[in-house]
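Asks: Take this structure first; my questions come after.
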Amino acid sequence: MNKVVVGLSGGVDSSVAAAVLHHQGYEVIGLTLWLMKGKGQCCSEGMVDAAFICEQLGIPHHIVDSRDVFQANIVNYLVSGYEAGITPLPCSQCNRAVKFGPMLNYARQELGCDRIATGHYARIRYDEISQRYQLLRAIDRNKDQSYFLYDLSQEMLAGTVFPLGDQTKEDTRRIAAEFDLKTASKPESQDLCLIEAHGSMKTFLDQYIHQKEGDIVDLEGKVLGKHQGIHHYTIGQRKGLGVAAPEPLYVVKLDPIMNQVIVANRANAGRSDCTVTRLNWVSIAAPSTPIRVETQIRYRSSAVPVDLIPLEDNRVKLVFDEPEFGITPGQAAVFYDGEILLGGGIIEL
């Protein structure tokens, strides 16, 4: 019998992934990561629901204490990033360093299993020509989570199954109801678990970063107002600036040295290019010459065509056809060829 370890968060997606694989005849083992210290009530509730699902399906359930790993790789990563004036993307970092890698290691070393599954909406296939595992967008483009998975290694992809990649969210809800799973009507969770646990990113960050008043200035350096800490802002932000102006203003830069938030009108808020570093090439080998790709710079943004120009030190330059709004240092730029995720990295300016 095929054995698979399913990462269970206590939500409907991972519950259905486990139920479907169990129904297909797999020997399923549930695995839940205990991620957050202190106020992480979403995780404690999730662990209870995950345990209930495993009992309902009649499968074993393991809980792994990953709080120190999460603190080192995600909490500290976020805090240091916001202090430096960037807006880190914790989910891709978490998937590689906290979830998929450690889960695979635990499955192999403790459970004698070389495959894991999760409830992510994405697809994996092996390409015989390139001899690489390719990562593809989910059939349900509205739920596609491939953007957050760009940093997975070939080894991780080889050992991972995404049972939900070929179905819609509506299919998932229907299947959950058919199996009478406790999580069938559970509300959708936040994309970022830290926000769910703490109420807002501001509340979370204020526990770690001292609020330091500084100036909000325009592109010429004119002081327009005051802020209570640059970590409260992100590139492209319009609401909550507290600045009176004849036209809407947007955050275009955060300067940790001068402790300034720089703002501009929409016409001056776009950029024609950016640099991307810490690249991970997934479905293709790293290109040595410029290529044409579609690039997604935020999870909910549309992919836009760009010229990708390889640079030294595992970096590329992206040149946009038109100035792009909201290019944010610390976020991921993920490259696609249609439905195939080619690779991605972290945005620099």
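Going from the start of the chain as shown, residues are counted 1 onward.
Heads up, the Cβ atoms here are built off N, Cα and C, so glycines get one too.
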Asks: If I go by Swiss-Prot, which of Gly85, Gly101, Gly112, Gly119 binds ATP at the same site as Gly7, Leu8, Ser9, Gly10, Gly11, Val12, Asp13, Ser14, Leu33?
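Replies: Looking at Gly85, Gly101, Gly112, Gly119, the one Swiss-Prot places in the ATP site next to Gly7, Leu8, Ser9, Gly10, Gly11, Val12, Asp13, Ser14, Leu33 is Gly119.
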Asks: Does Gly11 (ATP binding site) have same-chain partners at least 6 apart in sequence with Cβ under 8 Å from its own Cβ, and which are they?
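Replies: Long-range Cβ contacts: Gly46, Asp49, Gly119, Thr183, Lys186, Ser189.
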Asks: Among His120, Cys193, Gln331, these being the recorded positions, pick the one whose CA is nearest to that of Leu33 (ATP binding site).
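Replies: Considering only the listed recorded positions, the nearest one is Cys193.
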Asks: If one measures from the C-alpha of His120 (site 'Interaction with tRNA') to the C-alpha of Asp13 (ATP binding site), what distance in angstrom results, rounded to a whole number?
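Replies: Counting only the Cα atoms, the answer is 7 Å.
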Asks: Should Gly11 (ATP binding site) be counted as helix, strand, or coil on the basis of DSSP?
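Replies: Looking at the DSSP assignment, Gly11 (ATP binding site) belongs to neither helix nor strand, so coil.
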Asks: On a C-alpha basis, identify the one among Cys94, Cys193, Gln331 that is nearest to Ser9 (ATP binding site); the candidates are the recorded positions.
Replies: Cys193
Asks: Within the chain of Asp13 (ATP binding site), which residues six or more apart in sequence place their C-beta under 8 angstroms from its C-beta?
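Replies: Gly119, His120, Tyr121, Leu164, Thr172 - these are the non-local Cβ neighbours of Asp13 (ATP binding site), listed in sequence order.
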Asks: Provide, as an integer number of angstrom, the distance between the C-alpha atoms of Gly7 (ATP binding site) and Gln331 (site 'Interaction with tRNA').
Replies: 25
